[in-house]
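Some notes on the structure that comes next.
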2 protein chains.
Amino acid sequence: MTIYNFSAGPAVLPKAVLEKAQSELLDYKGSGMSVMELSHRSSWFEAIIQDAEQLLRELMAIPDHYQVLFLQGGASLQFTMVPMNLAQGKKALYVNTGSWSKKAISGAKALGVEVEVIASSEDKQFTYIPELPETIDQEAAYVHITTNNTIEGTAFAKIPDCGAVPIVADMSSNILANDYKVEDFGLIYAGAQKNIGPAGLTVVIVREDLLGQTEIAAPMLDYKLQADNHSLYNTPPTFAIYIAKLVFEWVKEQGGVAGITEQDRVKAGRLYQAIEESGLFQSPVEKDSRSLTNVPFITGDAELDKQFNAEALAAGFENLKGHRSVGGMRASLYNAFPIEGVDALIAFMKKFEQDNGGK
Amino acid sequence: MTIYNFSAGPAVLPKAVLEKAQSELLDYKGSGMSVMELSHRSSWFEAIIQDAEQLLRELMAIPDHYQVLFLQGGASLQFTMVPMNLAQGKKALYVNTGSWSKKAISGAKALGVEVEVIASSEDKQFTYIPELPETIDQEAAYVHITTNNTIEGTAFAKIPDCGAVPIVADMSSNILANDYKVEDFGLIYAGAQKNIGPAGLTVVIVREDLLGQTEIAAPMLDYKLQADNHSLYNTPPTFAIYIAKLVFEWVKEQGGVAGITEQDRVKAGRLYQAIEESGLFQSPVEKDSRSLTNVPFITGDAELDKQFNAEALAAGFENLKGHRSVGGMRASLYNAFPIEGVDALIAFMKKFEQDNGGK
């Protein structure tokens, strides 16, 4: 049975990347050592982390005045690091578009930072991306947005204009799968375990003028210290960085971010169309706000959703169940997810609809 | 050419572990998915993390009233988390036995915690483990020690008695390679990349009564929150935890910690004896304070050290160069380091001594 893994993260990786990692797992390029056994101060590993950074810079067209950091702790640690580094003594503005935005907001509040939620889609269960107010307080430290909402299946189609106030973005679930411009952000962060690599690595891209604004009481949480040490202040998650490097190489082979995003559009487009044409399944998300990478759908009947999930799982469709906070189904279609899996899911949905009194 | 990897960390892993990981890298137990692709909420991964914890509990005889946490950020993040969680409003006592102790001390000071260094071996370049004062302030939050000093090559032969004051230990470089008792500690932490697994995983073992003493302004840094969520508050470093599980299984096969420590004693014993018998090489460390896992040695001539390091590297002895802060040579002999590598090094040292005017 072919397994299709719709996990929201940790998620499917390119098969070519896994095969490459497998082939050199005991002996990296004739070194006689596994990548996991390489000293982080060795020239072997230095080449890996430098290549990873260079490839990401190329893929995302990251300007020179942005630093690229390879950190740990996931987006959840960024919910603390962002306000700790950027908002001390200033107000931080947040856009509330779902579960992860709420965690970002509570992370800032826990630090005692003054938080203002300037837009929210909570009134309609986060089924759309709200407009930002026309006027943004230009004294604010930043405007925080979640570019793609993994659980709710919404995404910013375009990045708002906030004047001189830097936009800070949690891009965990659509990094390398969008046409945003890095220059439109002050800081971007992303947990690796969706479109980049294994869990345990967090990528931060930060504009240099935002670094070193304030003294940080915890060295590991200090962007400037991490930047000054090129992510080698202490031992970084070396193997995860190596896998990320292989993924970046793979994305490049797919025609870069433009090429892979085009594939993502085709994949998501087919599934959204099937949902539109279905008499049974529907999307809970407003059309203009739909995510390319996380596609939730429902029948409107919780029992039928449960039945669908059980039958889908038995047929090899893994991790299709929606997040426990929203129910239903969710197909996460990250870059490495194969289009054959989308077609197989659509065929399965049609069959299920027929079997359950559909058209 | 056979490669022997003396890296101080990330370090050599058991070959059997790497082979196992390689064999199931694309398909974990017939799941059709790599471990890197498993959702951290899946039953597949739940079994991995539970097995890892259970194995570690068994290996270290961890009592039930201790929690085992799988975190991120390395020992360096623990330098902040320990005082943040345990020392707020109280004085913290530190024993200064080298570079890493100093970092732990400065981590506590950076948070504004009152720190007292109650013993130090800085007077003799950290070449010995100092005695603790007979009287320990019983109002102190904890006494922090570094059980094994990776750079200086010293280790606590036995754990001091501090009365009711909990001992907090950075055990990064000799966890699973000692005969300490977990009950003698309030908290143990260890970066995985020496004796446990790949970089990017930190193991914390903490006595339950030490949890939840104070409100923590950063959720990811809150031991209690992490314990309440069984290390699944957010996505943990799943692949690193899987490798750790394989390493724990391997240690068990080696006769557990007692069995592997016996092997470690033989390996280190042979090298120390060769150093003692040499007319060229010497150990900078006092006999009673010598580490089993990190064995520094010098010729007393910086140029000759350099020559030795260059020739050793050319002969396949990787990462023998001492830390840049102390120079000389250092053989890190963690659990997975093969005894054949020790014998090969000793033979190489004898040959070098003969070639360079030795006996």
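Glycine too: its Cβ is placed from the backbone N, Cα and C atoms.
Because TrEMBL annotations are produced automatically, they should be read as predictions rather than curated entries.
Pulled from TrEMBL, these are the features on record:
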{"type": "BINDING", "residues": "A:ARG41", "note": "L-glutamate binding site"}
{"type": "BINDING", "residues": "A:ALA75, A:SER76, A:TRP100, A:THR150, A:ASP170, A:GLN193, A:ASN234, A:THR235", "note": "pyridoxal 5'-phosphate binding site"}
{"type": "DOMAIN", "residues": "A:3-345", "note": "domain 'Aminotransferase class V'"}
{"type": "MOD_RES", "residues": "A:LYS194", "note": "N6-(pyridoxal phosphate)lysine"}
When the number of other CB atoms within 10 A of each residue's CB is tallied over all shown chains, which of the recorded positions A:ARG41, A:LYS194 has the maximum? A:LYS194
Relative to the Cβ of A:ASP170 (pyridoxal 5'-phosphate binding site), which residues of the same chain, six or more apart in sequence, are found under 8 Å away? A:ALA75, A:GLN78, A:TRP100, A:SER101, A:ALA104, A:HIS144, A:ILE145, A:THR146, A:THR147, A:TYR189, A:ALA190
So which of these recorded positions, A:SER76, A:ASP170, A:GLN193, A:LYS194, A:ASN234, A:THR235, get their C-beta under 8 angstroms from chain B? A:SER76, A:GLN193, A:ASN234, A:THR235
Report the nearest neighbour of the residue listed as 'L-glutamate binding site' in space among the binding-site residues A:THR150, A:GLN193, A:ASN234, comparing Cα positions. A:ASN234
Out of A:SER76, A:THR150, A:ASN234, A:THR235, the binding-site residues in the record, which is closest to A:LYS194 (N6-(pyridoxal phosphate)lysine) when you go by Cα distance? A:THR150
Among the binding-site residues listed here (A:THR150, A:ASN234), identify the one with the smallest other-Cβ count within 10 Å. A:ASN234
Can you give me the average pLDDT across the domain 'Aminotransferase class V' (A:3-345), rounded to a whole number? 97
Around the Cβ of A:ALA75 (pyridoxal 5'-phosphate binding site), the count of other Cβ atoms that are within 10 Å: 25
Please give the greatest C-alpha separation between any two of the pyridoxal 5'-phosphate-binding residues A:ALA75, A:SER76, A:TRP100, A:THR150, A:ASP170, A:GLN193, A:ASN234, A:THR235, in angstrom, as a whole number. 31
Using a 10 Å radius around its CB, how many other CB atoms surround A:SER76 (pyridoxal 5'-phosphate binding site)? 22
Just to be sure I understand the packing, how many Cβ atoms besides its own are within 10 Å of the Cβ of A:TRP100 (pyridoxal 5'-phosphate binding site)? 22
Cβ neighbour count (10 Å, all chains) around A:THR235 (pyridoxal 5'-phosphate binding site) is 24
